[in-house]
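Structure first, then comments.
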Amino acid sequence: MSKIIINKRNYIHNLDIISKQAGSKEKIAVVLKDNAYGHGIIEISKIAKEFGIKKAVVKNLKEALKIEDFFEDIIILSEINFHTYSHTFHIVINSIEQIHKIPKNTNVHLKVDTGMHRNGISKNQLKEAIDGICRQNLNLTGIMTHHRGADGLNSEFFWQKRNFRLVKEEVKRICEQLFLPLPKFHSCNSAALFRTANFDDDFARVGIASYGYFENHPSFDKIDLKPVLSLWAQKVTTRVLKKNQSVGYGGTYKTDKNIIVSTYDIGYGDGFLRINENQSYKTPKGYKVLGRISMDNLSLDSQDEEVCMFDDARALAKIHNTISYEIVTTLSSELKREVI
Ligand SMILES: *Cc1c(COP(=O)(O)O)cnc(C)c1O
């Protein structure tokens, strides 16, 4: 059976590097949305907890409920209908209108738009939002923003950073006026954290770097991160392909000599994106994908019982003209995950 192998040592290696950059383990929230970027939310949560991580970030309540016992604080990024109470959960408020729909005593993190213009209130709505949060008897536990361009070689990152500093000052003033305790401040994803020399937020929300990838502009410092996930396929059948015979849909791969080919049990239905005759891909051991990838199968010039399809998503990201995030996140949650 095809499977995903999670390399625990590599994940811990990455968390080590990240906590040094952030200052401590307490200053990291691991981002586990979308099944921990395809790695397996339960498997990754267990290791993160063992390492000493106390905070996590997920997309919705369904994900949060799966990992409730692993962390002290779980930030839920986009759940519109939130009606569950837990001391552990903190729901992100993305607009003023959302405030009135949240049940009293819920922990909330207020998202402020500092330039990405995707979600969040604007800086000049801060007073209105915090007043609304108080009136609704919500518990303001965090103030956050998100960077749109921390991975790019330009000044965007710095003006968003400056905007967030102004937000912090304003929130401090408002909280003193209203006799409110100070919420936690957080703004950095992986790229932003590694661009920050003196990290002074309460914590960073780190996703892709913990899984071993970094999509920053090549001129930034190289960081010794190690990919955590590898994908393995199992052989279904082997045959001899005679000269001028072809394999797969459309018969697009034709051999000019007798070769041995095997079919393996992975395809784009498992989230291993389709490769066709216009692309060429070799596995880490050098086996070539022959012809088009089917929904549940692919063919390789190999006879091995098990083949590692990839252990570094970057080569595939290049072929598919995308980023490492997409290659790992599309992997099916149905695939077996094995931690070694
Ligand atoms: C996904 C996400 C992150 C993590 O980003 P990485 O680039 O993977 O580190 C952080 N914050 C928010 C709001 C996110 O949606």
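Yeah, the Cβs are placed from backbone N, Cα and C, and that goes for glycine too.
Just so you know, TrEMBL annotations are computer predictions that nobody has curated.
If you check TrEMBL, you get these features:
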ACT_SITE  LYS33  active site, proton acceptor
ACT_SITE  TYR249  active site, proton acceptor
BINDING   ARG118, MET295  substrate binding site
DOMAIN    228-340  domain 'Alanine racemase C-terminal'
MOD_RES   LYS33  N6-(pyridoxal phosphate)lysine
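Feature map: TrEMBL annotations on the structure.
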| residue | record | DSSP (3 states) |
| --- | --- | --- |
| LYS33 | active site, proton acceptor | helix |
| ARG118 | substrate binding site | coil |
| TYR249 | active site, proton acceptor | helix |
| MET295 | substrate binding site | coil |
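In the domain 'Alanine racemase C-terminal' (228-340), helix, strand and coil residues by DSSP number 18 helix, 38 strand, 57 coil. Shown are the recorded positions LYS33, ARG118; the one with the most C-beta atoms within 10 angstroms of its own C-beta is LYS33. The Cβ of TYR249 (active site, proton acceptor) has 13 other Cβ atoms within 10 Å, all protein chains considered. All protein chains included, MET295 (substrate binding site) registers 11 other Cβ atoms within 10 Å of its own Cβ. Recorded residues ARG118 (substrate binding site) and LYS33 (active site, proton acceptor) have their alpha carbons 18 Å apart, per Cα-Cα distance. A Cα-Cα distance of 11 Å separates MET295 (substrate binding site) from TYR249 (active site, proton acceptor). Looking at LYS33 (active site, proton acceptor) and TYR249 (active site, proton acceptor), their Cα atoms lie 35 Å from each other.
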